[in-house]
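Chemist: There's a structure below that I have some questions on.
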Amino acid sequence: MFNNSSKILFMTIMIIGTLITVTSNSWLGAWMGLEINLLSFIPLLSDSNNNLTSTEASLKYFLTQALASTVLLFSSIILMLKNNMNIEINESFSSAMIMSALLLKSGAAPFHFWFPNMMEGLTWMNALMLMTWQKIAPLMLISYLDIKNLLLMSVILSVIIGAIGGLNQTSLRKLMAFSSINHLGWMLMSLMISESIWLIYFKFYSFLSLILTFMFNIFKLFHLNQLFSWFVNSKILKFTLFMNFLSLGGLPPFLGFLPKWLVIQQLSLCNQYFILLIMMMSTLITLYFYLRICYSAFMLNYYENNWTNSTQFNNINTYFYLIFTFFSIFGLFLISMFFFML
């Protein structure tokens, strides 16, 4: 009971920390919110069932976030000195430092080094929080800065590293981590275009990540070979799981294509064809390794013990998963029909 109550407490403080950062009107207030968020997220990472790896992951997270917070505080003080004491300091330099700290906090390339290794030591629910909620505060702060060159470099590196890094992975958590880095590149690009498109992209990405991590959490799946051999007796679950993978990758008939469609449309309207080409090519690489996994799962036979299925499929969570999956697969059609009816 204590474990659950403490989790609720830390989760509430984590949400409050993010809200403080988002609503803050100074860099010092934003830093304070990020620190509250960090210090409440670390106890959530330490899981009693998986003690050694979760402790290592929480330590990695603490060290990288503390480094980013130090740089953020230092550069915020430099900006305050410039504004209040009229000291001659190059403003673009301190803004670039703040941007670097925020990119490190969010796990965007070229500051992504801690993210996949840390994901490997987390439970699925903690991984989901790290991939979605923990991105909100840094991305909101990035939207206040106007350093196009550094952000463009981060976008290009994120989409390329996210695509190439996932090619050779057998661990599902690392696969989701590199997928998250790739999506982060798209989110940073949408942030440069408009905040409303970023918000739409973030909501759709969070929803699709929730579906996959929910499924992995129900069946305790952590590696690709478990995916192939797990659902022999339930073809519907196997089929929907890989449809969700393709939706997360952004294959056109599925819901995951809609936010990418919005970004592609806005970039083509702004004549940003070069960056658009790089982003689309990287998405093709991610789709390639998703399709390769799907092809292996659908085309090859795997042996499985019969007794693993009887207890797990009669689960209310599975029905929730199937309802979410319906929206993931047919969401684009439903939204299109809604707009045509209007």
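Every residue, even glycine, has its Cβ placed from backbone N, Cα and C.
Curation does not apply to TrEMBL; its annotations are automatic.
Since this is a predicted model, take the numbers as computed values, not measurements.
For reference, TrEMBL lists these features for the protein:
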DOMAIN    24-286  domain 'NADH:quinone oxidoreductase/Mrp antiporter transmembrane'
DOMAIN    287-338  domain 'NADH dehydrogenase subunit 2 C-terminal'
TRANSMEM  12-34  transmembrane segment
TRANSMEM  61-81  transmembrane segment
TRANSMEM  93-115  transmembrane segment
TRANSMEM  149-169  transmembrane segment
TRANSMEM  175-193  transmembrane segment
TRANSMEM  200-219  transmembrane segment
TRANSMEM  239-262  transmembrane segment
TRANSMEM  274-298  transmembrane segment
TRANSMEM  318-340  transmembrane segment
Chemist: By a Cβ-Cβ criterion of under 8 Å, what residues six or more beyond either terminus of the transmembrane segment (200-219) are in contact with it?
Modeler: 123-125, 127-128, 131-132, 135-136, 139, 172, 176, 180, 183, 186-187, 190, 226, 230, 241, 244-245, 247-248, 255-256, 258-260, 262-263, 312, 315, 317-318, 320-321, 324-325, 327-328
Chemist: At a threshold of under 8 Å on Cβ distances, which of 175-193, 274-298, 318-340 pairs most often with the transmembrane segment (239-262)?
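Modeler: If we count Cβ pairs closer than 8 Å to the transmembrane segment (239-262), 318-340 scores highest.
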Chemist: Taking every residue in the domain 'NADH dehydrogenase subunit 2 C-terminal' (287-338), what is their average pLDDT?
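Modeler: Looking only at the domain 'NADH dehydrogenase subunit 2 C-terminal' (287-338), pLDDT averages out to 79.
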Chemist: Suppose I define contact as three or more CB-CB distances under 8 A, residues 6 or more apart in sequence; do the transmembrane segment (274-298) and the transmembrane segment (175-193) meet it?
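Modeler: In this chain the transmembrane segment (274-298) contacts the transmembrane segment (175-193) - 3 or more Cβ pairs sit under 8 Å.
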